[in-house]
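Residues or ranges marked as active site in TrEMBL: Cys67, His102, Ser119. Taken from TrEMBL, the feature compositional bias 'Polar residues' covers 221-232. Annotated compositional bias 'Basic and acidic residues' per TrEMBL: 235-249, in sequence order. Per TrEMBL, region 'Disordered' is recorded for 197-263.
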Amino acid sequence: QIPIPSVPAFQPSTPIPERLEAVQRYIRELQYNHTGTQFFEIKKSRPLTGLMDLAKEMTKEALPIKCLEAVILGIYLTNNMTTLDRFPISFKTHFSGNYFRHIVLGVNFGGRYGALGISRREELMYKAPVFRTLSELIFDFEEAYRRCWHTLKKVKLGHCVSHDPHSVEQIEWKHSILDLEKLTREDFRKELERHARDMRLKIGKGTGPPSPTKDRKKDVSSPQRGQASPQRRNSRGDRRPSGEKKPADSKAMPDLNGYQIRV
């Protein structure tokens, strides 16, 4: 019989770095899927609660996975680590006339950056949360790609993912799209730090994924709601171009609670 990896369980006193190592060990034990068959269909447009149900199915089936599945699984296994910020990082590289894409789950704990994921290459998956800045983490991935003879072309960075497994919001996969062919080295670093600053501001202002419900509870009177709405519009206006249609989400927000149990 093929042994089925055990889902990691933690004591409340277990430090976050040790938890991340255990989560990465579990992802690694599932093994990389070399079969050419995708065992789990992941639609990025699905709400978070649906993706978490899929992650639970992954733990039951214990089949080999690829990088996108590892990201969803990493989110699922770190949902109870509320002091940990999670955000997707996508890479596009070029090698021998072909383009390749890869994704990992960026993490930030105590101001230090790292990553969870799976890859054919050991150096393109787990990164312990020891990097002082987001740019240091991305440059480390770039150097790892260089050792594999790949040239990094684009980096896409998402915003922080909600810790609420029942959230009906979608993951923001590409808040910042950085084209290395159009950016100098210094501009690339500045854009990375700008994205890191945007994430800190979004969390600091309480405009992250869990906040809409809280805002609706507080903003009962019309004057307060009138003051809150421009902030939400401005936050969307500041976002960099992406393929997601966010305005449609804002119209659907008042009706979301009624559909949570159906997803």
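For all residues, glycine too, the Cβ spot is worked out from N, Cα and C.
Shown on the structure are the features that TrEMBL records.
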residue	record	Cβ neighbours (10 Å)
Cys67	active site	21
His102	active site	22
Ser119	active site	18
